[in-house]
Amino acid sequence: MKKPSRTPRCLWLVIAASLVCGPRIDAQPADAPQFLPAPREWHANGTLALPEARITVPGHNPEDEFAASELRAAFLRDEVRVSEGRGYTITLLREGTPEATAALRRAGTTFDSAMKDEGYVIVADGTGAAIVAHTANGIFYGVQTLAQMVLPSHQLALGVVRDWPAMRWRGVDDDLSRGPVPTIAFQKRQLDLLASYKVNIYSPYLESTLAYKGHLMVPPPGSALTPADAAELVSYAAERHILIVPEQEAFGHLHHVLQFDRYAELAESPHGHVLAPGQPGTLPLIKDWFSQAAAEFPGPFLHIGADETFDLGIGRTKDAVTKRGLGPVYADFLTQIHAELAPLNRRLLFWGDLAWSDTKAIGSLPKDMIAVPWIYWHQDNYDSNITPFRDAGIETWVAPGDANWNVVYPIGATVLDNVSGFVEAGQRLGSTGELMTVWNDDGEGLFNEDWFGVLFGAAASWQPARIQPEPYQRAFGLRFYNDASGRINQAQLELMAAQKLIDTSDAVFWMDPWSEEGEAFLARNRTKLQSARVHAERALELLLEVAQDTPALREPDALQAMELGARRIDFLAQKFEWSDDIAAAYARAYALRNDKEHATEAREALYSISSMNGRCQDLRDGYSLLKTLYTQSWLAENRPYWLENVTVRYDLRIQLWQQRGERIDAVINKWQKTHQLPAPADLGLPANSSDEVPVSVN
């Protein structure tokens, strides 16, 4: 999942100016906090040196004490000493207490009703700071913002923050079913980081990776999320005010289940992808799965998926679909699932495909379901994806995409455009949540490459109105990596510039430049390869510099994954440049093959193709290096499961260029004895495009 097979990419659009109803930030000095997400209101009032701090929780609420421990950890990370008895005092207060009322009065501000659930006020002046909130959620989010008020200069920005979210539910949908399965340790790190940017939903996407009792043969060994894993994650997430909402596909995307003949009678088509509505065992299977999922993941929601049911109507339901249409058959099955799962007392989320396929069928759906329309590319107007559900009285969440699937590095320009436009439409039309999606259609995605887009989605769902990319892009490197130099932000821009020039899809990365499609790609992109490489190499140099120069840099694994993305983009373009070099060199040698006077030139041309430093060896070495770096990044976040399905592709390319080099070596050896060379086409070489080929000497 989850997109048409030809998703538009590399959309470079001018984003509209900031809306007046967006976050209000007073004019800032150069040394001002860079917030992610931006608070509703920030009224700056200077700075204060912060060598030492003490954090107090007068109410001794356990959840607030946990938030205080998070703030202590953040201060220590920023080299601010934390003590029990002295230093600048920061107090965590519940709204309505005398201390909170006094703090608000001192700042001349108020705590509004809209702030009750998750909002907070921060009052920071020369005498101390107070975080005031009505709930533990608000205290926790206030702590995250106050931590961002510590400047790189170790000064504390003073002033007043008033803040609350634009959307009630702010989530990330994480694909755990098409390749990478993260370790529990990495999922905890995901939860840490997501919570710090005020995300409150983590939704693991599950086709066949949840270990259901009675269906234990379905998850491949090494991939299963067990009940013990679920319990550990749920507890960890709850401390950080994150709700885990499992997305178990209940309709389509079930090939990994339906490949087993045990489930043959439930499949729409043999060993296909879709459960067949109307089969006697279909609803009992769904009830079994979701009853177990509900027991493992407490909360108000379950996500039943139900997108891309392409097989529907081609097998067991063919007659019903022919008679009634796809929309009614689809909607009836969702209604049946809703009834079957009613005893679980959960609200069911489902993907909003009906907004495209059959809006008339929407009216028959239960009104307490939640539709999640998904769009992952630019649209001039996103409203039509939302309004059919809203007009039918069905709540909506919107699902933009991280543009990370089937590419060597997520397409940043697409993310910025899609998220800003779609989330704005959702807020304007009353959507109560956002589910930022990360998909692994290619089986080789790395979540550590996804943070730029994922956290833009987090900011967009918290901030009101249309989020503007530029402030986010300026703040990202500092907030996520602790890079105050701006070099990581610049590296991200360099990668986006490279992606604007050429297609950086997986298909092109794995493409053989000597193939017909490879030659066609080269013909279209020959003049852009050098510029793309310069951008990628500039990004790589910036990343290596900042890693070397910044001892306090955070998230080194994510930085390494970004470095890998830069190297892969550079190598993708280099591969086609080298193909041109090989074709030109062989054409030169072939033209001089019988010219004794220019034998040295011919020999050097051949050696440039294959020798100690030949182009074939360069390409072999490039794939070998990238395999090593990719494996390191994979194991930094994922279980070993599935890794070999990716590395085998590196192995095949390494072998390909090794074999080509050996074949050229044999040609060179024969030429040195006979001065005969096979025609380029006989070696499978691509056509030469160079004008610098000497006239053939017979």
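Even glycines carry a Cβ here, placed using N, Cα and C.
Which of 59-78, 159-178, 679-698 counts as region 'Disordered' depends on TrEMBL, and there it is 679-698. DSSP assigns Glu308 (active site, proton donor) to coil, not to a helix or a strand.
Applying DSSP to the domain 'Beta-hexosaminidase bacterial type N-terminal' (33-164) sorts its residues as follows: 42 helix, 45 strand, 45 coil. If you take every residue in the domain 'Glycoside hydrolase family 20 catalytic' (169-378) and average the pLDDT, you get 98. Its own atom aside, the Cβ of Glu308 (active site, proton donor) has 19 Cβ atoms within 10 angstroms in the protein chains shown.
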